[in-house]
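A short worksheet on the structure shown next.
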Amino acid sequence: MAELGAGGDGHRGGDGAVRSETAPDSYKVQDKKNASSRPASAISGQNNNHSGNKPDPPPVLRVDDRQRLARERREEREKQLAAREIVWLEREERARQHYEKHLEERKKRLEEQRQKEERRRAAVEEKRRQRLEEDKERHEAVVRRTMERSQKPKQKHNRWSWGGSLHGSPSIHSADPDRRSVSTMNLSKYVDPVISKRLSSSSATLLNSPDRARRLQLSPWESSVVNRLLTPTHSFLARSKSTAALSGEAASCSPIIMPYKAAHSRNSMDRPKLFVTPPEGSSRRRIIHGTASYKKERERENVLFLTSGTRRAVSPSNPKARQPARSRLWLPSKSLPHLPGTPRPTSSLPPGSVKAAPAQVRPPSPGNIRPVKREVKVEPEKKDPEKEPQKVANEPSLKGRAPLVKVEEATVEERTPAEPEVGPAAPAMAPAPASAPAPASAPAPAPVPTPAMVSAPSSTVNASASVKTSAGTTDPEEATRLLAEKRRLAREQREKEERERREQEELERQKREELAQRVAEERTTRREEESRRLEAEQAREKEEQLQRQAEERALREREEAERAQRQKEEEARVREEAERVRQEREKHFQREEQERLERKKRLEEIMKRTRRTEATDKKTSDQRNGDIAKGALTGGTEVSALPCTTNAPGNGKPVGSPHVVTSHQSKVTVESTPDLEKQPNENGVSVQNENFEEIINLPIGSKPSRLDVTNSESPEIPLNPILAFDDEGTLGPLPQVDGVQTQQTAEVI
């Protein structure tokens with residue numbers, strides 16, 4: 001058995017943890033096995049009740065140890081799985097926190113970028129609003145200054161104006177429609193120098209003011225505002241038409257002067273209407289207001305013309321301002337050619353009057369001297385003022401503004417044909433109702449910026465033609481032809497300027513559109529870049545997330561494979577351990593069986609020696625029949641007591657020991673019965689008292705007597721049954737064999 005323990009320990013030496021855990025239990029099992037298989041010499045002095053203290057069978061303890069080890073391994077594996085699960089959960093929690101942190105950072109970054117864009121957009125809007133406010137304030141200041149400057153010279157000119165009494169006639173209101181028409185031809189026929197002076201008063205003074213150079217440097221929008229200020233309104237055109245009709249019938253050179261209050265109210269009503277509205281809708285609203293008040297203005301002006309008194313005002317002379325103009329006007333007049341078809345008026349005038357004519361013309365009003373650049377409307381506007389809103393609405397390229405053109409006065413060379421007729425104009429003023437001094441007749445050849453868009457030379461020619469017609473000294477057809485020629489030139493100039501202005505506006509509009517398109521393209525490009533960047537970032541994050549998930553999935557699969565591999569290895573190790581235990585058990589059983597057979601052989605040898613000694617003792621003794629019977633009876637009683645002693649400590653197996661004892665003692669009884677039968681049956685006391693005492697003291701010695709009795713009673717029972725040794729794989733007979741061995745040893749001793 002020591003070899004078994006050593007072999008078991010050597011076999012378990014390669015298991016590591018299993019060996020360390022099961023070492024104490026294996027030592028206990030080994031001690032129990034050693035205690036159960038000690039040699040017979042170690043327990044020779046023990047009593048018969050020694051069999052009651054035998055340990056439990058080793059295989060039962062081995063099964064408990066296996067169950068306990070399996071339970072411990074199972075608990076250890078559960079602990080490892082729980083720890084691994086905790087590690088997985090912690091790793092997933094860290095990954096989730098990292099992903100949430102990444103999302104928070106990205107969201108914060110996008111929010112900061114959006115706020116930055118909002119702040120930048122708000123700053124741009126604020127700058128734009130401030131710039132618009134500054135432009136608006138500057139424009140309002142320019143308009144205010146322009147209105148102030150346009151009103152001051154008008155008041156001053158009203159003081160310079162002079163006029164005579166009008167010949168009121170009832171035919172003013174009943175004039176034919178041709179004379180009330182607004183067309184250029186009809187107005188040009190009845191133009192009077194006084195009307196020319198009135199029409200050119202504000203514009204000529206304003207455009208010839210000292211700060212003209214500074215105002216010409218304004219922006220295009222400001223220039224358009226100033227040009228609209230200088231554009232004549234419908235009421236102005238109505239007044240001009242009425243004045244032309246009156247001057248044609250009365251043939252008077254006296255200017256008609258509107259009272260200051262009426263002029264001031266007209267300016268205060270008309271001009272704010274031009275600038276309160278935005279630039280795009282200003283012309284349309286102005287035209288609507290002007291059309292609505294057209295008839296009222298005509299009637300009021302006619303009444304004023306009829307009720308105004310004849311006044312005379314001396315035009316103040318400013319030598320510093322008029323000296324260059326006089327030089328421009330009169331220096332070229334010495335070599336001027338006469339108009340074709342116009343006779344030289346020399347016979348009807350005395351030489352003194354001819355010489356006095358230049359002196360009378362010398363002090364002209366400021367509108368006669370300087371070439372005036374005037375902003376007026378196009379000819380089609382003047383033909384039908386009622387249809388003006390429709391025409392303005394059909395011109396989207398001008399953005400609702402009325403077409404404005406600039407008419408420059410002709411230079412000194414263009415005015416040369418009308419200069420020789422200034423002299424004859426002086427005597428024609430003698431029949432006037434209000435006599436005027438010689439210097440006062442000079443304002444007659446004033447430039448006429450009338451609604452017919454004629455220049456100063458044309459008005460001068462028309463005025464002189466009308467005077468000569470009354471005097472019978474000038475051909476009106478020639479004057480009309482010259483006027484038409486100058487109107488044609490002026491119209492061509494206007495058309496040219498209009499084309500240039502439209503081209504300039506078109507260029508500006510294209511520039512604005514290109515700028516807006518470029519800004520929109522830049523904004524679109526920025527948005528596309530931002531969207532592409534966001535898409536790329538999202539794609540990158542998605543790819544990273546997919547890669548991370550793939551890595552985690554691969555890690556989980558690898559861990560699952562490792563766990564399955566470890567589980568398989570554990571199961572294989574358990575199977576190997578079970579196989580090893582089974583082999584050890586088989587080896588153990590084989591060794592026990594071998595030892596049992598050896599003990600059986602030793603017992604047989606002992607029994608043979610015992611039978612030989614008994615046979616020799618019986619042969620030498622002389623016995624009697626009564627003693628033998630008595631001894632047999634005594635032996636039977638002792639034999640009957642023997643099974644009680646042997647069956648009591650049998651641990652619930654009382655059947656096995658009698659069979660074993662019987663099997664071991666069968667040969668003894670078989671061999672001893674012939675000797676007993678051969679003994680002489682004699683009366684008296686037997687000689688074998690000492691041997692009988694020995695048999696009484698040793699219970700094993702009484703077995704042959706009991707067997708003899710049983711054999712004599714039932715001869716059918718075989719004397720040597722071998723059934724007890726056929727089942728060599730059972731564990732039950734092993735303790736009984738040990739009990740038999742101890743009894744036989746005691747018998748031998």
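Cβ atoms here come from the backbone N, Cα and C positions, even for glycine.
Looking up Thr450, Thr673 in Swiss-Prot for phosphothreonine, the annotated residue turns out to be Thr673.
Between the listed ranges 196-217, 702-723, 724-745, Swiss-Prot ties the annotation region 'Disordered' to 702-723.
Here the candidates are Ser235, Ser353, Ser397, and Swiss-Prot annotates Ser235 as phosphoserine.
When Ser223, Ser265, Ser335 are looked up in Swiss-Prot, the one carrying the note phosphoserine is Ser335; the rest have no such note there, which does not rule it out for them. Ser282 is the residue among Ser150, Ser282, Ser348 that Swiss-Prot describes as phosphoserine. Broken down by DSSP into helix, strand and coil, the compositional bias 'Basic and acidic residues' (62-91) contains 30 helix, 0 strand, 0 coil.
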